[in-house]
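K.L.:
Please find one structure pasted underneath; my questions will follow.
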């Protein structure tokens with residue numbers, strides 16, 4: 001009875017504070033996905049080390065108690081050899097969470113238990129989440145969960161974060177572990193166990209002064225951890241005889257793995273080689289002859305499908321916003337002054353609407369990238385690229401944040417924190433702005449549809465490779481100029497996860513989160529930019545578009561861009577907004593050209609308004625978008641134009657008055673290599689300091705101007 005009341009008081013006390021739960025595990029074990037399943041939060045879910053280098057949190061309520069779930073970086077051990085291991089170890093020591101959820105890959109149990117044993121030394125209540133349990137069953141492997149619970153003396157819960165298996169059971173286990181404060185067993189082989197207990201006994205009267213948990217210190221002394229031993233010596237807390245109980249690090253690790261192996265033999269039953277399928281696929285995709293060509297083919301397919309599937313919906317969205325929403329918005333606001341109607345039509349609808357119309361493109365692109373990430377292929381791409389990059393002095397691990405840069409430069413720069421040295425992080429950070437982020441894709445799509453209609457995918461793919469090629473050349477030159485930046489020739493080690501077929505629901509959730517980030521950016525930063533550009537483009541009010549303040553300023557500097565082929569003020573006027581957000585290039589162009597056309601279309605009162613008829617047309621076009629997308633998918637290997645019936649209409653047609661195909665190519669190259677958006681610049685300052693950021697900006701200004709000018713001038717020799 002007394003014990004029951006004591007536990008009830010403990011649980012009651014928990015409600016007075018937020019309970020901190022640390023999620024710890026090896027890389028690629030699905031910690032972030034598990035937190036998403038528990039909380040419904042939108043943590044970034046990735047498949048590579050570096051995605052969650054900074055801890056991220058989500059809150060949940062269990063039995064009227066608030067729990068803070070902390071997602072710590074993936075680590076194989078808690079010896080601070082890497083940045084991930086240091087962050088995790090420091091958090092467990094300094095923050096002292098109320099419970100640890102050790103996320104374990106059920107298919108890699110023997111490897112994962114080494115970290116489990118290390119976590120047990122922190123004297124913190126712990127729960128094991130056997131993640132990917134559904135895959136383990138498919139692989140015909142069995143785990144005796146009851147026996148594992150008895151050995152470790154903690155709760156063990158089978159889970160699948162992606163499929164939502166075991167989530168309620170995990171919540172109950174977390175609550176029970178925190179309330180009952182049951183600690184895991186600390187296991188060693190017999191010989192080392194005696195030494196470990198003897199070290200604890202010697203230190204027991206000094207444990208308040210250690211600054212670490214007693215078991216943690218005893219284990220570090222046992223494995224002869226010089227960092228901890230040095231700290232304790234400085235505090236004069238070690239007796240001379242205690243170090244005689246230590247063993248060398250190799251003996252310590254071998255003993256632990258020997259014990260883990262014996263435990264796995266007792267609890268694991270394998271009916272077949274679970275890696276057989278993975279090995280067969282890897283023999284093709286990682287082949288030294290076919291691997292790289294297959295990777296490039298894979299990326300081309302991604303771009304081809306992205307355009308073929310998204311284009312019908314891009315066209316529909318553009319039509320819906322500009323020709324339907326815009327038309328009836330202005331009709332309903334007939335009583336407003338002309339200047340306000342101009343603001344709404346040209347800045348908000350014409351500008352931001354042009355960007356919003358490309359959301360389908362971004363969504364499809366992120367969906368395919370998510371498939372490649374979550375299937376396990378992107379991790380293997382890092383190994384393929386390592387063979388190429390090592391020949392020029394780069395580590396394949398740098399490829400991980402670089403490939404993230406194709407989605408967005410901001411998380412890619414944050415991901416450099418997972419690299420092994422400050423030199424690697426700096427060089428990768430300087431390369432990332434040259435990776436063509438998804439915000440540039442709408443610009444490429446617009447210009448290739450206007451000028452390179454029959455081979456648009458090839459042109460855009462070449463732009464992506466050009467950015468990567470120049471980034472590599474840049475790093476080589478920097479290493480030659482600054483020897484201290486030369487990368488160490490350390491072996492590239494990265495775990496290859498098994499191939500997986502990610503559920504559609506999970507992919508859509510991940511894609512939705514990424515698109516939401518894009519939408520938030522378009523809805524705030526770009527809206528401000530468009531209103532600002534409209535202000536300078538529309539003033540003096542009712543003046544011809546070519547006499548606005550924006551036109552006058554752009555005309556004054558347009559001669560600078562004549563060698564690059566785009567010296568018309570309309571093109572130059574898009575460059576400054578592109579620093580605020582790359583998507584703003586389209587919005588600014590659409591707004592300027594709409595303004596030019598608007599001056600000759602003053603008789604809008606004569607426009608016919610039939611709401612029912614126009615709504616019916618919207619519904620028909622929406623249906624036709626699905627039909628066209630399905631047709632494009634069926635005719636995947638057929639090169640088709642984007643939309644023949646609209647090739648001479650709208651913004652695409654007006655672009656042809658500003659650019660030639662050669663100058664359009666030069667302009668796209670300039671946008672590719674130009675200064676990144678203001679958000680990326682702020683992150684560069686945060687990560688690398690103001691000096692390196694200024695260097696990066698100056699370098700990109702020089703590179704973008706030089707390369708686009710070189711391409712244009714060289715092209716003139718062949719184009720007449």
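The backbone N, Cα and C atoms fix where each Cβ goes, glycine too.
From TrEMBL, here are the annotated features:
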type: BINDING; residues: 25-32, 50-54, 71-74, 131-134; note: GTP binding site
type: BINDING; residues: 36, 37, 39, 40; note: Mg(2+) binding site
type: DOMAIN; residues: 18-180; note: domain 'FeoB-type G'
type: TRANSMEM; residues: 289-307; note: transmembrane segment
type: TRANSMEM; residues: 319-336; note: transmembrane segment
type: TRANSMEM; residues: 348-372; note: transmembrane segment
type: TRANSMEM; residues: 392-414; note: transmembrane segment
type: TRANSMEM; residues: 426-452; note: transmembrane segment
type: TRANSMEM; residues: 458-482; note: transmembrane segment
type: TRANSMEM; residues: 518-536; note: transmembrane segment
type: TRANSMEM; residues: 664-685; note: transmembrane segment
type: TRANSMEM; residues: 692-714; note: transmembrane segment
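Let's see these features in context: how buried, what's close, how far.
P.N.:
DSSP assigns residue 31 (GTP binding site) to a helix in the three-state reduction.
In this chain, no residue six or more apart from residue 40 (Mg(2+) binding site) has a CB-CB distance below 8 Å.
Within the chain carrying the transmembrane segment (426-452), a Cβ under 8 angstroms from the stretch's Cβ atoms is held by residues 307, 314, 355, 358, 361-362, 365-366, 394, 398, 401-403, 405-409, 412-413, 416, 419, 459-460, 463-464, 467-468, 470-472, 474-475, 478-479, 485, 487, 518, 521, 581-583, 585-586, 642, 647, 651-653, 655-656, 659-661, 664-665, 667-668, 671-673, 675-677, 680, 684, 687-688, 692, 696, 699-700, all 6 or more beyond its ends.
Among residues of the same chain six or more beyond the transmembrane segment (664-685), those with a C-beta under 8 A of the stretch's C-beta atoms are 409-410, 413-414, 429, 433-434, 436-437, 439-440, 443-444, 447-448, 450-452, 459, 463, 466-467, 470, 521, 525, 564-566, 571, 575, 578-582, 585, 655, 692-693, 696-697, 700-701, 703-705, 707-709, 711-712, 715.
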K.L.:
Quick one: among the binding-site residues 25, 73, which has the most Cβ atoms sitting within 10 Å of its own Cβ?
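P.N.:
The residue with the densest Cβ neighbourhood is 25.
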K.L.:
Tell me which of the binding-site residues 36, 37, 39 ends up closest to residue 73 (GTP binding site) in space, Cα to Cα.
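P.N.:
The answer is 36.
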K.L.:
What's the number of neighbouring CB atoms sitting within 10 A of the CB on residue 132 (GTP binding site)?
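P.N.:
Residue 132 (GTP binding site): 29 neighbouring Cβ atoms within 10 Å.
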K.L.:
Sort residue 132 (GTP binding site) into helix, strand or coil using the DSSP assignment.
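P.N.:
Coil, per DSSP.
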K.L.:
Do me a favour and check the Cα-Cα span between residue 39 (Mg(2+) binding site) and residue 31 (GTP binding site); whole Å is fine.
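P.N.:
If we compare the Cα positions of residue 39 (Mg(2+) binding site) and residue 31 (GTP binding site), the gap is 12 Å.
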K.L.:
Give me the CA-CA distance between residue 31 (GTP binding site) and residue 37 (Mg(2+) binding site), in Å, as a whole number.
P.N.:
10
